[in-house]
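Peer 1: One structure is given below, represented as structure tokens, and several questions about it will come after.
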Amino acid sequence: MKFSWRTALLWSLPLLVVGFFFWQGSFGGADANLGSNTANTRMTYGRFLEYVDAGRITSVDLYENGRTAIVQVSDPEVDRTLRSRVDLPTNAPELIARLRDSNIRLDSHPVRNNGMVWGFVGNLIFPVLLIASLFFLFRRSSNMPGGPGQAMNFGKSKARFQMDAKTGVMFDDVAGIDEAKEELQEVVTFLKQPERFTAVGAKIPKGVLLVGPPGTGKTLLAKAIAGEAGVPFFSISGSEFVEMFVGVGASRVRDLFKKAKENAPCLIFIDEIDAVGRQRGAGIGGGNDEREQTLNQLLTEMDGFEGNTGIIIIAATNRPDVLDSALMRPGRFDRQVMVDAPDYSGRKEILEVHARNKKLAPEVSIDSIARRTPGFSGADLANLLNEAAILTARRRKSAITLLEIDDAVDRVVAGMEGTPLVDSKSKRLIAYHEVGHAIVGTLLKDHDPVQKVTLIPRGQAQGLTWFTPNEEQGLTTKAQLMARIAGAMGGRAAEEEVFGDDEVTTGAGGDLQQVTEMARQMVTRFGMSNLGPISLESSGGEVFLGGGLMNRSEYSEEVATRIDAQVRQLAEQGHQMARKIVQEQREVVDRLVDLLIEKETIDGEEFRQIVAEYAEVPVKEQLIPQL
């Protein structure tokens, strides 16, 4: 732990108090010898004079400049000497002569000044240390959340400021999103060489909005901009503007832009801007809440009456649909950069970046991993290689092999591996269910190719069948949707065909949900039914984002009944397609089930080779190479 004088002083405060009292006890008296010459009793000055005249005083010791005396008194009744303390008057010059005339031994003890000096020093230092400790204690409590000093800082911006950002990330570390990187590299060039653009009348963009699903590299791009630009950099989260007090959000926005103007040219990065930039409207909560005041102030600062030349705002969100239209217009966010999931070449570049510090076995191919992971984001790919490295270390291997890569992909997609099932009727039923999915998907031309079938439980699933879609396809046809419905019904069809209608299980619950959703979208959104080419889905918006409290139905009860009938018809059509394939291919289904129970996992290529011995396997648009 780092040493702190302030903490040491606070902890020493109780010791100072105790030490002060010990100090006072040691140097409290003006005369240290007075404590060693103690008296048994006290005697009045008048009685003392009487004893002097009577000859009962044998010795007198004077202390405190003659103000106090310790006298020895002889008592003939008990035949012993007593010591008594006498307080002497200030004006008694004849006393000394009187004592000498009576032949009484007289000693004078001078005052020791060192005790007074140390007492004075102790009395001075202790209050100073006490006041300093209390001051530091107050300062520390004021800096803590909820401390008394926080009331003065609520309106201050919480943005992290770096005069020369050291993020450790450069554009060379960002891979797989070349289009977005090119857009942002131009922003950096604007800041470094503005004359190139002003010479032809171009203006620097005021804002860039990074849009994309989670894990695609939006924040990483912002770090790269900060590392490359070489200008002051402010970073803040959208949720850090609004607090429990009214007006704090708007005040923090003003303070942020005030600091930015003082350090222009500079960059401001607002992460998760949807926390403060959601669209305004009635909805629930009214139209005058604290978030809207903060948004209004942000709109004014970005492009209001006063300019903010030299300030570029970069924001990131994965919810562009909820942002206010005034925030999205040119002049505030001039550019909207889409940061989407990478394609094959992008995934390959990302994997190469994250594999720099990984020790891969010679047989591991980055190209094969990239082809096997369509739809993976940059964060997913980084997690995949990290999981593979962890598995390698757990298994005490020196390099990451194909087995670790395969297990890591399964873990990222489906979750942790569970305990394998024991041989039983339940295991055989699950095997028929998974083979049913795979056989239907393999024999339907428009279905995605099978990647792997396994009985190893992962997550909530007791068995899994992976299909790898063709990532180059941006649109989906009706035939492909029907093939997916049939493939999803393949598990239930195999259960019915092999075990009978009374032995079907709840394992198809998720499949039926998926089938119903696809069929309903075909009817209500895509116009792929007998109802005709119309869209019947309402888009009233979410209630907390300014939408209505209740979505209004756009069609009559009669149309709703027809929609339900069409959904049921499409689902039943897919069910019959799957049932027919399972019936016709029962022999190969039984063989595949026996093989799956024996090996617990069959990869896609082996599965297709076995099916090809019994039926013609249609050529898919893309077959995924296996690792």
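From the backbone N, Cα and C atoms, a Cβ is placed for every residue, glycine too.
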Peer 1: Which of these, ASP334, ASP340, ASP343, ASP511, does Swiss-Prot list as part of the Zn(2+) site with HIS433, HIS437?
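Peer 2: So the Zn(2+) site in Swiss-Prot includes HIS433, HIS437 plus, from the candidates ASP334, ASP340, ASP343, ASP511, ASP511.
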Peer 1: Name them in sequence order: residues not among GLY212, PRO213, PRO214, GLY215, THR216, GLY217, LYS218, THR219 whose Cβ is within 8 Å of the mean position of the Cβ atoms defining the ATP site.
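Peer 2: Those within range, site residues removed, are ALA316, ASN318, VAL339, SER377, GLY378, ALA379.
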Peer 1: For PRO213 (ATP binding site), which DSSP three-state class applies?
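Peer 2: Assignment for PRO213 (ATP binding site) reads coil.
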Peer 1: Measuring Cα to Cα, how many angstrom lie between THR219 (ATP binding site) and HIS433 (Zn(2+) binding site)?
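Peer 2: Here the two Cα atoms lie 42 Å apart.
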Peer 1: Let me know how many other Cβ atoms fall within 10 Å of the Cβ of GLU434 (active site).
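Peer 2: Taking all protein chains shown, GLU434 (active site) has 26 Cβ neighbours within 10 Å.
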Peer 1: Taking the Cβ of ASP511 (Zn(2+) binding site) as the reference point, list residues of the same chain whose Cβ is under 8 angstroms away and which are at least six residues distant in sequence.
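Peer 2: Correct list: ALA488, MET489, GLY491, ARG492.
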Peer 1: If you measure from the C-alpha of HIS437 (Zn(2+) binding site), which of the binding-site residues PRO214, GLY215, GLY217 fall inside 10 Å?
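Peer 2: If one measures from the Cα of HIS437 (Zn(2+) binding site), no binding-site residues come within 10 Å, so the answer is none.
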Peer 1: Around HIS433 (Zn(2+) binding site), how many other CB atoms lie within 10 A of its CB?
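Peer 2: Here the count is 27.
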Peer 1: Taking 8 Å from the centroid of the Cβ atoms of HIS433, HIS437, ASP511 as the cut-off, which other residues in that chain fall inside it around the Zn(2+) site?
Peer 2: GLU434, GLY436, THR465, ALA488, MET489, GLY490, GLY491, ARG492, ALA494, GLY507, ALA508
Peer 1: Which of the listed binding-site residues (GLY212, PRO213, PRO214, GLY215, GLY217) has the least company, meaning the fewest other Cβ atoms within 10 Å of its Cβ?
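Peer 2: Across GLY212, PRO213, PRO214, GLY215, GLY217, these binding-site residues, the one with fewest Cβ atoms within 10 Å is PRO214.
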